[in-house]
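Annotated domain 'Sugar phosphate transporter' per TrEMBL: 12-298, in sequence order. The feature transmembrane segment is assigned by TrEMBL to 7-27, 39-64, 76-94, 100-122, 134-151, 157-181, 193-212, 224-246, 253-274, 280-300.
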């Protein structure tokens, strides 16, 4: 009975994650779209998310003590948190801005480039080696995305450049997270990550907001419905909580399957909710090719983890081994940076952070040790 209850809870948490991740992305698109809620200020929306996350995590960490803060010195904050926050803010800014120009479905397809961007950044920063098997998978992913882009009816170069730039900014953030925080021995989960990173990201976003969006904002003509923005921020933050629950209960394979399922559901839902979003056969074929490359890439990285972390077969038992592997590896695309919100705990792709909301997301690839460092679609 206990096993059955635990299994039900695990799948319930996965369902909540899939619903929240998809919901935050669609919610953000609806708010930012000039055709619907008509609030075309992505930096402002991201700053609202960051401010809300900073306040809530302050109460969770300092007042209610739900999670314990890490030992943070000024040197660590200046050399680690600030640069990571800068790239996190950039990834959210560019990712959310893409919603003004391209469809949710096409954005999801472009996000298949996340492991490619992370692999490139990891090689350039010296945290990964250039291997032909991984390189060929990256070529396969890239070809799939190119085919999908070619089949996009409403292709927009500006929106595509914003999204791809956001992806590479998120990839660099993930690599920096691994390089800087892991070396310091810091353990950050989504809540403590936001506690330290959200306020700093808010400050970084203030500069482009003041220069780019503030002059364009006419308060008398803006639909500033406080309840809409409040529930949008709550949904984005809840996404991080769901990630916190999911990563403690599932393994790499389960998370990967849930992520792929979420992507396809999100693409289908976006065409229903936003009728102007049209999917062609080339879109589907290209995305399927890209995903096959991502899945194979995740498989190769998991094999590396098994070899590096469990070299001998004399461990207590198989279940213990598998659990250790699940704790060590977080698959690509678990969170998307536009999920917006996921910043910690996943150096995996995806959720970030995903989709996808400014608290994460993300999410990217790269295997890490039990020191969790990295996941928020725009969303």
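Start at 1 and count along the chain as shown; that gives each residue its number.
Placement of Cβ uses the backbone N, Cα and C atoms for every residue, glycine included.
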The transmembrane segment (193-212) versus listed stretches 39-64, 134-151, 157-181: most Cβ pairs under 8 Å: 39-64
Two-stretch contact, the transmembrane segment (76-94) and the transmembrane segment (224-246), at least three Cβ pairs under 8 Å: no
Overall pLDDT for the domain 'Sugar phosphate transporter' (12-298), taken as the rounded mean: 90
